[in-house]
């Protein structure tokens, strides 16, 4: 049964314009593209995107479901939810220390935010994961595909070629120690050409294009059911530079976050969001904190913070519903994202970082 627009949490002004333009139900509106809706109704593109986000989110949330299912009114027990957690799967990072503190790797059905200053390794991890998500199941992978949404132009296909080549070589070494025919058969399809052809790349130049692309993702994922990873590399960039209205920015970001959570649950995939760091002045000290403010800090299920300590890269698991807070060193090599060589100095630094981060500072609205 179709639900009339009066039953949705839209502003009276927008609802009135929709009705005046002949729209009666949410289904009528959801069939229209954001740019067409803006022209037809006489509202801004931002209002059109926000309206479509609200309607799509409400249509999803008004259908009770188990996590990862799409059957309306289906009931779940706590035991079934626990079993889903145990069988949800992980995408390995090729850094065993990071995989360990995450409980096995980047989890499916959850959103993970990776924060850090430029050059610390956020995009490197994203490109590594876009390759790793395609590792065959017999090698411990999930045999999926990846969507890569780039807002800053940081994606480097030559680097992906290097990462994919190293991954293929690594799996061939593993297969050499196994006599099972399954491993050799899987490697026939795990080629450089196939890896690159299963990374779907989208370049978004501003927040309007980003929101529109996120809005279109459910249909894309329905057409590409093997996608197990969605990456937005640079969530803060378009909102910090193109949008001055903070209240509108907050609403759009909240809508985007809810959309990504729905995608993770409904399509049983992992979501990666990278975020920049900003400077906060507190008690005459300059502190680096994740951008987009404290409210955005609740958007993702898991938050990782990458940072430098002297010349060593570190990853801190800052927020997780199931794993304790931890800090580990890592390195970026020509082959990709890897474990760091642990030294006495780095171990001492790691201990001090674990102690220091217990005293948390709230993120600044930026």
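Each residue, glycine too, has its Cβ placed from N, Cα and C.
The annotation region 'Required for Holliday junction resolution activity' is assigned in Swiss-Prot to 1-117.
According to DSSP, residue 11 (phosphoserine) is assigned to coil rather than to any helix or strand. Note on residue 11 (phosphoserine): other Cβ atoms within 10 Å of its Cβ, all shown chains, come to 13. According to Swiss-Prot, the feature phosphoserine maps to 11.
Residues or ranges marked as region 'Interaction with RAD51B, RAD51D and XRCC3' in Swiss-Prot: 70-127.
The ATP binding site annotation in Swiss-Prot covers 116, 117, 118, 119, 120, 121, 122, 123. Note on residue 121 (ATP binding site): other Cβ atoms within 10 Å of its Cβ, all shown chains, come to 21.
Taken from Swiss-Prot, the feature region 'Disordered' applies to 343-366.
The compositional bias 'Polar residues' annotation in Swiss-Prot covers 344-354.
Taken from Swiss-Prot, the feature motif 'Nuclear localization signal' covers 356-360. The average pLDDT computed over the motif 'Nuclear localization signal' (356-360) stands at 46.
Residue 11 (phosphoserine) and residue 122 (ATP binding site) are 38 Å apart (CA-CA, integer value).
The ATP site is set by 116, 117, 118, 119, 120, 121, 122, 123; from the centre of their CB atoms, other residues of the chain with a CB within 8 Å are 124, 306. If you draw a 10 Å sphere around the CB of residue 116 (ATP binding site), it holds 25 other CB atoms from the protein chains shown. A straight line from the CA of residue 123 (ATP binding site) to the CA of residue 11 (phosphoserine) spans 38 Å.
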